[in-house]
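One structure below.
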Amino acid sequence: VEPNATIREIRLMFHKFYPQWYPARQSIKLDPKGKSLKDEEILQHLPVGTTATLYFKDLGPQIGWTMVFLIEYTGPLFIYFLFYFRMPFVYGLDESFTSSPHPVVNLACICHSFHYIKRLIETVFVHRFSHGTMPLRNIVKNCLYYWGFAAWLAYYINHPLYTPPSYGKKQINFAVVMFLLCEAGNFSIHVALSDLRRKGSKTRKIPYPTKNPFTWLFIFVSCPNYTYEVGTWISFTIMTQCVPVGLFTFLCFVQMTIWAKDKHCTYLREFKDYPTLRMPIIPFLL
């Protein structure tokens, strides 16, 4: 191996000798308990001498992130419809109970569908992933989370005994406006992050606000896409006034706070001039 060889080139060479382990399935390390080396790292820049021992670990079958998101988001979209159209095998009802008398139920279905259709469009046309693949075994866990919650909240929102929000149209209209603003904000942040990185590039840059007012949240938080995402589910909770939706929103907030803190720490570690005013997910608080 030449001294100026990258880890990716070494992965490709390894794959040539052992075809069953394609590059995305390989973890190459300098130490068995150390971190996996990145593709762009160059051998001679690593803490090795004229000879080096690299350790290989099989990461197992992999699946591309685009396919991961398509599977995760398509499930809730169609699962929700099973409950919305009140299939006989779901509630065991006769034809007189196949539709809800409450307009908010129809509105909730439109908003839920819009959210996941937007996610699918972003996956195909907007997102650029820093990591190409994910272990195939993780897709089962992710789908259980998204699909399971979609079924649980859809069951209660579309149940024949469902009762609409306490404050009627005022509560629903407020929630719809909040929902649409958060969805627009989330989409704007994803576009801004996508524009920050060229296709195929893994170079990380500091995201800054653009002329789009929805991106001005970058002034206060590192991950406004998560802030808007949580806002979307808070508004959906207000709209439906449903306990399962509220629980799902809370778990989303916890998980996204963890992700936001990790990204915020990465920004602070990589950029000495990173804006000091920013917090991970909630302005001035968290």
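Keep in mind that glycine also has a Cβ here, set from the backbone N, Cα and C atoms.
Keep in mind it's a predicted model, so treat the numbers as computed, not measured.
Residues belonging to the domain 'TECR-like N-terminal' (1-58) score a mean pLDDT of 89 in the model. Annotation source TrEMBL lists domain 'TECR-like N-terminal' at 1-58.
The annotation transmembrane segment is assigned in TrEMBL to 63-85 (among others). Distant neighbours of the transmembrane segment (63-85): 98, 105, 109, 112-113, 116-117, 119-120, 123-124, 127, 129, 131-136, 139, 142-143, 146-147, 149-151, 154-155, 157-158; these residues of the same chain sit at least 6 beyond its ends, with a Cβ under 8 Å from one of its Cβ atoms.
Annotated domain '3-oxo-5-alpha-steroid 4-dehydrogenase C-terminal' per TrEMBL: 133-286, in sequence order.
For 144-162 (among others), the entry in TrEMBL reads transmembrane segment. Residues 72-73, 75-76, 79-80, 82-84, 86, 90-91, 93, 97, 100, 102, 105, 108-109, 112, 240, 242-245, 248 of the same chain lie 6 or more positions beyond the ends of the transmembrane segment (144-162) yet place their CB under 8 Å from a CB of it.
Per TrEMBL, the feature transmembrane segment maps to 174-193 (among others).
Annotation comment: TrEMBL describes 213-228 (among others) as transmembrane segment. Same-chain residues lying 6+ beyond the ends of the transmembrane segment (213-228) with a Cβ under 8 Å from its Cβ atoms: 182-186, 188-190, 192-193, 207, 256-257, 259-260, 263-264, 267, 275, 277-284.
Per TrEMBL, transmembrane segment is recorded for 234-254 (among others).
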For the transmembrane segment (174-193), sequence-distant contacts whose Cβ falls under 8 Å of one of its Cβ atoms, 6 or more beyond its ends: 107, 111, 114-115, 118, 122, 126-128, 165, 207, 210, 212, 214-215, 217-218, 224-225, 227-229, 231-232, 234-236, 238-239
